[in-house]
Amino acid sequence: MLFKQQPLLTQKLFVLGSLAIGSVLYLVARVGTLDRLQPICPIERRLPPPEHEQIPLRTLQFKRGLLHELRKGNATKEQIRLHNLLQQLPQAIIIGVRKGGTRALLEMLNLHPAVVKASQEIHFFDNDQNYARGIEWYREKMPFSFPHQITIEKSPAYFITEEVPERIFKMNSSIKLLVIVREPTIRAVSDYTQVLEGKERKNKTYHKFEKLAVDSGTCEVNTKYKAVRTSIYTKHLERWLKYFPVDQFHIVDGDRLIADPLPELQLVERFLNLPSRISQYNLYFNATRGFYCLRFNIVFNKCLAGSKGRTHPEVDPSVVTKLQKFFHPFNQKFFQITGRAFNWP
Ligand SMILES: Nc1ncnc2c1ncn2[C@@H]1O[C@H](COP(=O)(O)OS(=O)(=O)O)[C@@H](OP(=O)(O)O)[C@H]1O
């Protein structure tokens, strides 16, 4: 009825308009369907521009799939060329501290789609023989990555090795440096426990922690003992500060990374200028291990190796107190320099 009452021109316009709107709706629906029908990570598809905010889900899929293959050396030169994959020098390094939780930090950061990790400790800057092999040797140790991703490696010996700050500075003076620390006495005992286990594996005997940590002659803390020296964080940091400004460092609370990792990881994401992508979904507490483990997706989970989380030996409480008192002034200085204070005794 309504249609019949309209003049001819209006009727024609109505029909044409309906056709146009219909076509547009059809195209929108079709494109949407096609997009969904595409494989998540089609091998021949170019990636979006190198902006962290645009990291698509398919990058994550790609990372877990093809990149995994790349690391095993299974990628063809064609795939590397097609995806503009690079072996990039690290833009951030976890420089220490030994037994601070460096492995957990690296693995957890690797949950982020814009991060790739060097799986092994490379020991490029602290080992003279490796360093003499040159920067291209170091680059070849890095995983393949997209141009917009950042590469991270960890070698905890870097933090305490004299030559390292200058060498890293020569490679990249604006590199971001991550230092993960634990309460110094606990860290020292953890360090001791690792060495003790190595000795026991070789059926060798080893001194008790108390004997190593305290000088039996003076009854003072034995600062020649490496596990003690490593825990004097401020001494090592001061050497680094001759080369890098303090805002190029980010201090991670290793004790909190054990107890509640997500907030620490979010601070690191911010420091690395990455959008916040690691979520509680990616971290779940494994009661058997007594630690948080990693969840990449519904099928792929992993906990750190059994060499992490060893049972520490009981230490004489008077030695613990002595060490805590010894570390106290160094800790205060460390807090003052870094602007990050912890609830250590
Ligand atoms: N999620 C998770 N899983 C397992 N272990 C964890 C985790 N987070 C932190 N940690 C703690 O990491 C400590 C080992 O530190 P590092 O990886 O820096 O050790 S090493 O220097 O590379 O040998 C290790 O120290 P110990 O417990 O003394 O063995 C762990 O307590």
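Glycine is treated like the rest: Cβ placed from N, Cα and C.
As annotated in TrEMBL, C303 shares a disulfide bond with C293, one of the listed residues C219, C293. Separation of the C-alpha atoms of S190 (3'-phosphoadenylyl sulfate binding site) and C293 (disulfide bond): 20 Å, rounded to the nearest whole number.
Per-residue confidence over the domain 'Sulfotransferase' (90-328) averages out at a pLDDT of 97. Only K308, from the recorded positions C293, C303, K308, R310, H312, place their Cα within 10 Å of the Cα belonging to K99 (active site, for sulfotransferase activity). Taking the Cβ of K99 (active site, for sulfotransferase activity) as centre and 10 Å as the limit, one finds 26 other Cβ atoms among all the protein chains shown. For H312 (3'-phosphoadenylyl sulfate binding site), applying a Cβ distance below 8 Å and a minimum sequence separation of six or more within one chain yields I186, V189, S190, T193.
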